[in-house]
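One structure below.
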Amino acid sequence: MMGAEKAELGMEELELEEGGGSPSPSPMTAAGKMQALDFEHIGSLAAVAESLSTGSKWRRALTSVRVVILQAKINVLLPFGPLAVMLHYLSANHQGWVFLFSLIGITPLAERLGYATEQLALYTGPTIGGLLNATFGNATEMIISLYALKNGMIRVVQQSLLGSILSNMLLVLGCAFFAGGLVHPSRDQVFNKASAVVNSGLLLMAVLGLMFPAVLHFTHSEVQYGKSEVSLSRFSSCIMLVAYASYLFFQLKSQRSLYSPIGEQEEEVTEDEEEEKEITQGEAICWLFVLTIWISILSGYLVDAIQGASESLNMPVAFISVILLPIVGNAAEHASAIMFAMKDKLDITLGVAIGSSTQISMFVIPFCVVIGWIMGQQMDLNFQLFETATLFITVLVVAFMLQEGTSNYFKGLMLILCYLIVAASFFVHVDPDSTGDNK
């Protein structure tokens with residue numbers, strides 16, 4: 001037995017010598033080395049993927065800048081915005097030029113805002129797309145109104161917001177119908193009539209809220225003169241805010257089918273729109289915020305230059321506030337509504353133009369009344385009889401234009417001509433409170 005054990009030991013030593021003097025690796029040791037190599041390989045691949053991802057993000061950002069900023073020829077007017085800002089601080093005697101440069105500088109920004117909203121609408125659908133465009137388009141008016149309200153310029157707030165409603169309903173919608181009719185002259189363009197009727201009803205409710213404080217004031221039938229109309233305005237504003245919130249719920253949640261595009265347009269929203277997506281949804285949202293902020297900044301300088309522009313152009317401040325200033329503030333809606341109408345997307349056009357008017361009358365104006373209440377300002381819904389009557393007639397005219405659910409270039413021409421009559425009326429109108437900004 002001892003001889004056999006020694007023979008086995010001798011054979012093992014001989015095998016060790018032939019194998020290099022070391023024992024063969026165990027299966028566990030080989031598996032551990034392979035696992036370590038796999039981890040190193042995976043780590044190197046993750047590092048390469050991360051670097052490629054960072055590079056692709058930069059390339060995507062540069063592509064987005066090229067598409068949004070450098071692609072449109074109208075962007076050659078962008079330098080006028082910084083020029084207006086510099087001229088504002090360099091000299092106080094050139095407010096007329098500041099007004100003009102700000103006006104020109106906002107134009108390309110408004111066009112790009114409409115483009116970014118159109119790209120976002122491809123992802124969200126026409127209903128939410130129109131609502132987003134109305135919201136971002138009205139951000140300028142809201143910022144200007146809060147700025148003026150803080151400084152006690154109540155009549156400027158009232159006139160600019162009224163002018164925004166009139167501009168959206170007559171000029172913006174009229175130009176959109178006119179341009180769409182010229183591009184599609186052989187047929188009437190069709191839109192969702194149910195949505196237009198609901199918006200018309202909300203606008204009539206807004207006229208109701210503005211009319212009673214004015215009538216109460218001018219008939220001298222208040223319980224407490226000067227106080228009852230303010231109290232009524234604050235109560236009505238709260239009711240209007242509740243009505244607008246209910247409208248949003250009704251539009252986006254409860255009765256979405258009522259606001260869906262008509263069947264013909266749903267069939268057209270196919271592969272063609274997929275090809276139109278030039279920027280991602282996140283990029284569109286980022287550009288909307290960036291462009292809105294820059295437009296708001298230029299609008300602030302525009303407001304500061306109103307008085308100087310009034311003296312330079314020999315125009316009353318009321319005319320600038322009601323007619324010229326809203327045209328600038330509604331430049332975003334103007335550009336995008338025309339683009340959508342030319343592409344036969346009337347549902348988005350209505351959401352932009354009429355939806356913007358509804359949002360100003362049912363949200364922005366009551367919101368300013370509530371904010372003025374918090375600030376201690378006597379902001380109310382008494383827009384004076386002339387302004388209230390103008391709004392009432394405008395709502396009626398537009399409601400009759402929309403009741404058939406069709407549009408053509410002749411309807412657009414009539415709306416534009418109506419706006420010219422309104423503009424001429426305000427040019428010869430003397431504001432009862434023109435002696436001061438406060439009521």
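Backbone N, Cα and C atoms are what each Cβ position is placed from, and that goes for glycine too.
Marked as transmembrane segment by TrEMBL: 67-90 (among others).
Feature annotation from TrEMBL assigns domain 'Sodium/calcium exchanger membrane region' to 97-252 (among others).
As annotated by TrEMBL, transmembrane segment applies to 127-149 (among others).
Annotated transmembrane segment per TrEMBL: 161-184 (among others), in sequence order. Cβ atoms under 8 Å from those of the transmembrane segment (161-184) belong to residues 138, 141, 145, 203, 321-323, 325-327, 329-330, 333-334, 337-338, 340-342, 344, 346, 349-350, 352-354, 356-357, 360-361, 364-365, 368, 383, 387, 390-391, 394-395, 397-398, 407-416, 418-419, 422 of the same chain, restricted to positions at least 6 beyond its ends.
What TrEMBL lists as transmembrane segment is 196-219 (among others).
If you look up TrEMBL, you'll see 231-250 (among others) marked as transmembrane segment. Tertiary neighbourhood of the transmembrane segment (231-250): same-chain residues 131, 198, 202, 205-206, 209, 212-213, 216, 358-359, 362-363, 365-367, 369-370, 373, 379-382, selected by CB-CB distance under 8 Å and a gap of 6+ residues from either end.
Positions annotated as domain 'Sodium/calcium exchanger membrane region' by TrEMBL: 284-426 (among others).
TrEMBL lists 284-303 (among others) with the feature transmembrane segment.
Sequence annotations record features per position, and here TrEMBL assigns transmembrane segment to 315-341 (among others).
Here the transmembrane segment (348-375) has long-range neighbours at 118, 121, 126-127, 129-131, 133-135, 137-138, 141-142, 145-146, 149-150, 154, 157, 161, 164-165, 168-169, 172-173, 176, 180, 191-192, 195-196, 199-200, 202-203, 205-207, 209-210, 233-234, 236-238, 240-241, 243-244, 247, 330, 333, 336-337, 340-341, 381, 398, 402, meaning same-chain residues at least 6 beyond its ends whose C-beta is under 8 angstroms from one of its own. The annotation transmembrane segment is assigned in TrEMBL to 348-375 (among others).
According to TrEMBL, the transmembrane segment annotation covers 381-402 (among others).
Summarising the annotation, TrEMBL assigns transmembrane segment to 409-430 (among others).
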Which one, 67-90, 381-402, 409-430, has the most C-beta pairs under 8 Å toward the transmembrane segment (315-341)?
409-430
Residues sitting near the transmembrane segment (67-90): Cβ under 8 Å, six or more positions beyond its termini, same chain?
97-98, 101-102, 104-109, 111-112, 115-116, 278-279, 287, 294, 297-298, 301-302, 304-305
Provide the three-state DSSP residue tally for the domain 'Sodium/calcium exchanger membrane region' (284-426): helix first, then strand, then coil.
120 helix, 2 strand, 21 coil
